[in-house]
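According to Swiss-Prot, the features are:
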BINDING   4-34  FAD binding site
MOD_RES   307  S-8alpha-FAD cysteine
């Protein structure tokens, strides 16, 4: 049997692509080295932020707004909502370049973003402490996503629509010829007209020419109380420290508040190097500078987890065909800020398989930018 699309890596982007391509009427085979959702990549840990006024650059805003519409649609398929509109407050010095990008994106796209000075911030959320030179940009329409629930839902919907799924089965090689793409696995060879390579952190095992660096990252849950919950209207947040360190976190659930540090981490080259949480001496204390200064009412570390970022050299996404192979789309280099975009990236992959022109300007995400 020849498929229209083979998906190599069915985590966040791959799971979404499998659903949207199958829903469009294509014959699709989803593959993964593990059983998604799993803890070997970048999508585990219960929750991920979604922000609309994007501090990483205005080029992302059309993508994230389409993603939000698709998240709302996906949530309708579940009794438990996948998207929680908690709001997101972005904290940092008034002269922060990141916050300037947030404000610029909000102005250009007429997004619902409120600017709060330090006094107004601490009045609205007495649990937060910031210096006088800090501001907050509050996105009331943003919030957080239940990442593993999202992947489970996409996989179920794709399967119900007739998608073939081959999990716990690593792809060992990819072959290209005039007839399409062939993959080799322990279960045999499979053929398709087109392929999506969305293998996340370890994409270089199949495409070593891609400029992707795996980074070991950690996040942790700390003791909290009801003041920090969604019921008390406590928001999700990003926070920039005076030294430039970037943190992110979520409202407390079951008296546990999850927080992580976006920058830093350990460069790794193999799955074995991604040691579990607490294997590196700094893991448990990584969030202390932020908690001590900004959220002093939070208690001790309860537990944590390790994950991996697939960083591109400029930490912008890679969305392009594999060099020399126009029938294979690569989506990688999501650099720790990609999950919120998973549905729109999956939709882009489905359009690729349908040979449709993308609805977005993907020029900023082409591989050619690294050779200029």
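Any Cβ shown, glycine's included, is placed from N, Cα and C.
Just so it is clear, the model here is predicted, and its values are computed rather than measured.
Overlay of Swiss-Prot feature records on the structure.
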{"residue": "4", "record": "FAD binding site", "Cβ contacts under 8 Å, 6 or more apart": "21, 26, 27, 28, 192, 193, 194, 353"}
{"residue": "8", "record": "FAD binding site", "Cβ contacts under 8 Å, 6 or more apart": "14, 31, 171, 174, 183, 195, 196, 197, 198, 199, 206"}
{"residue": "12", "record": "FAD binding site", "Cβ contacts under 8 Å, 6 or more apart": "42, 43, 147, 150, 151, 338, 339, 342"}
{"residue": "16", "record": "FAD binding site", "Cβ contacts under 8 Å, 6 or more apart": "70, 154, 342, 343, 345, 346, 347, 349"}
{"residue": "20", "record": "FAD binding site", "Cβ contacts under 8 Å, 6 or more apart": "343, 346, 347, 349, 350"}
{"residue": "24", "record": "FAD binding site", "Cβ contacts under 8 Å, 6 or more apart": "350, 353, 354"}
{"residue": "32", "record": "FAD binding site", "Cβ contacts under 8 Å, 6 or more apart": "9, 10, 11, 14, 38, 166, 167, 168, 169"}
Margin query: Can you check which residue among the recorded positions 28, 307 has the largest number of Cβ atoms within 10 Å of its own?
Written below: 28
Check: In DSSP terms, helix, strand or coil for residue 307 (S-8alpha-FAD cysteine)?
Finding: strand
